[in-house]
Amino acid sequence: SPKQYNVTSYGAMAVAIITLEAFAGMWINAFIACVLCIGWVKKKTLNSNEKILLLLGCCRFCYFSFSWVYSSLSITYPNYLYVQPTFQLIVFFQSFFNCSNLWVSACLCVFYCIKIANFRNSFFIYLKVKTDTIVPWLLLASVLSALAIGIIAYDMAVSKLGNNHNSTGQENFSKVIGKMDGNFFQVYFIYGFGFVTSFTAVMCSALLLLFSLWRHKCKMQKNSMNSLSMDAHIKAMKSILSFFIMYSINFIFLILSLIPSTKEENYVAFLSLLFLYAFPGVHSLVLIFSNPKLEKTLIRILSCVKCKDCMKQ
């Protein structure tokens, strides 16, 4: 029978926190998807912002599901994880939904920038006019790119697991796991490429929106006028800046998680897991409170729950 691995106190705490964060993130993103789907059924249509949010909510829900399975098995029962076809399928789906999450998030920031920023450039004006036409194709391109990366990761998992299949005896199983992590640096590199690409899009969107806000503010001060677009600028800027800050911290922890020496340090690996799982859920929560429709629905649900609790007492 396969060797049974004892779960250390660190492993038990990591699994508990990962489970808490994963299920909280799944609930938050399921809420976003359900509210938007109900609105879609009622109105028979979705605007561009809602399309991006719906796809993002679905991707993040699935990402949390497969990431939780992978992390839980890798900590508690690694000998049941590194077998065919479990490992390959988890790697494929985790890679696909992780990259989809990154690129659809970047699409949302680019959408905010194009819709709200004011520039007289002819190409920018063209994008603003054609936004509703471009968004579905942009989302399709993001999903297809993530699918391609998922297939590459699956192929790597098949080849690397096959190469190490003959050396998975009880006495050296832990060494094989170490080799597998080293061999999967290529997969991590693909993650890094996707992350850098999306991070660049978010950074450019934030800078363009900030420059547009600064120009608009100067113009309003000269004319001694207030503008509704100023509020839209500030609201979008808060959303993008919060995403930019979380993205930056997430990028640092992603780099730390790729360095072999930091994996041996429990506290560094623990902090990396803690933030990498918290980031998508926290950002989805920010998106809820920056969207009037989602915010009102959440407040209404929470108030109903509170009233029922009061009635029971």
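Just so you know, glycine gets a Cβ as well, placed from its N, Cα and C.
TrEMBL lists 12-40, 52-70, 90-114, 134-154, 188-214, 240-261, 267-290 with the feature transmembrane segment.
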Tertiary contacts of the transmembrane segment (52-70) (same chain, 6+ residues out, Cβ under 8 Å): 18-19, 22-23, 25-26, 29-33, 36-37, 40, 46, 81, 90-91, 93-94, 97-98, 100-101, 104-105, 107-108, 111, 135, 139, 143, 277, 280-281, 284, 287, 291, 294
Cβ pairs under 8 Å between the transmembrane segment (12-40) and the transmembrane segment (267-290), at least three: yes
